[in-house]
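Per Swiss-Prot, active site, nucleophile is recorded for CYS382, and the stated evidence type is sequence analysis. As annotated by Swiss-Prot, active site applies to HIS509, GLU511, with the evidence given as sequence analysis. Per Swiss-Prot, the feature UTP binding site maps to SER14, LYS189, THR190, LYS191, ILE192, ALA193, GLN194, LYS225. Positions annotated as CTP binding site by Swiss-Prot: SER14, ASP149, MET150, GLU151, LYS189, THR190, LYS191, ILE192, ALA193, GLN194, LYS225. Summarising the annotation, Swiss-Prot assigns ATP binding site to SER15, MET16, GLY17, LYS18, GLY19, ILE20, ASP72. Look at Swiss-Prot and you will find TYR55, GLY355, LEU383, GLY384, MET385, GLN386, GLU406, ARG464 tagged as L-glutamine binding site, backed by sequence analysis. Residues annotated as Mg(2+) binding site in Swiss-Prot, with sequence analysis given as evidence: ASP72, GLU142. Residues or ranges marked as domain 'Glutamine amidotransferase type-1' in Swiss-Prot: 293-535. Per Swiss-Prot, the feature region 'Amidoligase domain' maps to 1-268; the stated evidence is sequence analysis.
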Amino acid sequence: MSTKYIFVTGGGTSSMGKGIVAASLGRLLKNRGLKVTVQKFDPYLNIDPGTMSPYQHGEVFVTDDGAETDLDLGHYERFIDINLNKYSNVTSGKVYSEILRKERKGEYLGATVQMVPHVTNMLKEKIKRAATTTDADIIITEVGGTVGDMESLPFIEALRQMKAEVGADNVMYIHTVPILHLRAAGELKTKIAQNATKTLREYGIQANMLVLRSEVPITTEMRDKIAMFCDVAPEAVIQSLDVEHLYQIPLNLQAQNMDQIVCDHLKLDAPKADMTEWSAMVDHVMNLKKKVKIALVGKYVELPDAYISVTEALKHAGYSSDAEVDINWVNANDVTDENVAELVGDAAGIIVPGGFGHRGTEGKIAAIKYARENDVPMLGICLGMQLTAVEFARNVLGLEGAHSFELDPETKYPVIDIMRDQVDVEDMGGTLRLGLYPAKLKNGSRAKAAYNDAEVVQRRHRHRYEFNNKFREDFEKAGFVFSGVSPDNRLVEIVELSDKKFFVACQYHPELQSRPNRPEELYTEFIRVAVENSK
């Protein structure tokens, strides 16, 4: 079977949920027995989002092979339950840098390097590479931003050319457009959707399907009007309405026959998607019997997207305990030893996620200290693990001024130090310890029990600093347990205090591998204990 290509674009405005549409369609097609992969095109000039501010971009999602990517890849993985790779996120910066490198090497043999054909050819190559490296039957490529944006023009042209290159039966264009709801007048307006589809046609692409983003349902008459003006079959005009839970969306799209229309267009003979298990999960999620409050102490809490995988992993873990997770967003900059009880005291558990830089670290340390002294279930992630070690060094071992070398290069007690292979690294981007690495688990530890007594777990990392092994013996003597280490025993991966209800911190990012129907084990145990603690 020829590889099938589905392109998801957006018009009118950005942030309409194109990624959720792509992820939901991917789940439906996977449940038809098809092998699906998904890809995100980001037209910005950064090589990747690794050095971008979380306030600008939100979370950086890390793949198994160590690519720093757009947060939409997290949605793709969680919805479809697949592991993506470095070819699943392509930026203008990445493409242009590769082309310029080739030009400097003389690989274009003296040709004038241009947007067409050189940039468009490389974009088409990236699409095909993402499909071939995963042996996918179908690749869904989402283009970030809005059709008509100056920076996205080469991407749209590459998508246009794909139809002629691989055949009309192997390509489908899905355009996501907004329907404006004027609440005061009680009216729905379609002109933005019509003009957005017209703009796509001006670039040579006729949409095969429209997905209408709306707060309220659209009438059949309005659907038919949009279909006529946009030259799309009425049955291929799909509504994507606001929902209580994101995981309802695949079911809503299936109810409108979206996946069957896609299969018909692409000449795919695939059985109907069996969504029984997914539907049962959604029913469970919408009828949780318990509630648990978790304090998330972070430095980017004004933008929840900066912690989207963390919050989703907490929710997934809550599902397994039949509990809705109520997140109390606590700005680490506001936390002190004096007010920490007021800010986190009503929480049944505390999570201290990752981050970079000095701002907010003392507040995180105060929250960790509060959790340790009051036996509140605590989970530390990445920097959260490093600061767990710093707090223990200061307040249990009595090492006044102990810190991470990253945050205080003058400290007498650098309990967190730079990794040996990072000492001479000058570039910030793409140089961290990234991707999937193993952690060997200690017998009898809380971590090993959480992971069902596995000997080794593989989890994704994103860090440059590590626990300083010069202090390991002193920590162990004081009851600090190193419950997960690298197979060569050199890198600390998990730490815990065994005399607490749950006091565990890990260097890796377990949330990146959590799924709604398969929650990550460390998060699951954390929430289970927090639910018990809230009784």
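Placed from the backbone N, Cα and C atoms, the Cβ positions cover glycine too.
Remember, it's a predicted structure, so these values are computed and weren't measured experimentally.
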Here the binding-site residues are MET16, LYS18, TYR55, MET385, and the Cα closest to that of LYS191 (UTP binding site) is found at MET16
Reduced DSSP state (H/G/I helix, E/B strand, rest coil) at GLY17 (ATP binding site) is coil
The binding-site residues listed are SER15, GLY17, ALA193, GLU406; by CA-CA distance, the one closest to CYS382 (active site, nucleophile) is GLU406
Of the binding-site residues TYR55, GLU142, THR190, ALA193, GLU406, the one whose Cα sits nearest to the Cα of LYS18 (ATP binding site) is GLU142
If you measure between the CA atoms of GLY355 (L-glutamine binding site) and HIS509 (active site) and round to the nearest Å, you get 11
Counting other C-beta atoms within 10 angstroms, the emptiest spot among the recorded positions ASP72, GLU142, GLU406, GLU511 is GLU406
Surrounding the recorded ATP site, with Cβ no more than 8 Å from the Cβ centroid of SER15, MET16, GLY17, LYS18, GLY19, ILE20, ASP72 and those residues left out, we find GLY10, VAL21, ALA22, HIS75, GLU142, THR176
Across every protein chain in view, the count of C-beta atoms other than its own within 10 A of the C-beta of MET16 (ATP binding site) is 19
Fewest C-beta neighbours within 10 angstroms among the recorded positions ILE20, MET150, CYS382 belongs to MET150
Rounding to whole Å, the Cα atoms of ILE20 (ATP binding site) and ALA193 (UTP binding site) are apart by 19
Cβ neighbour count (10 Å, all chains) around SER14 (UTP binding site) is 11
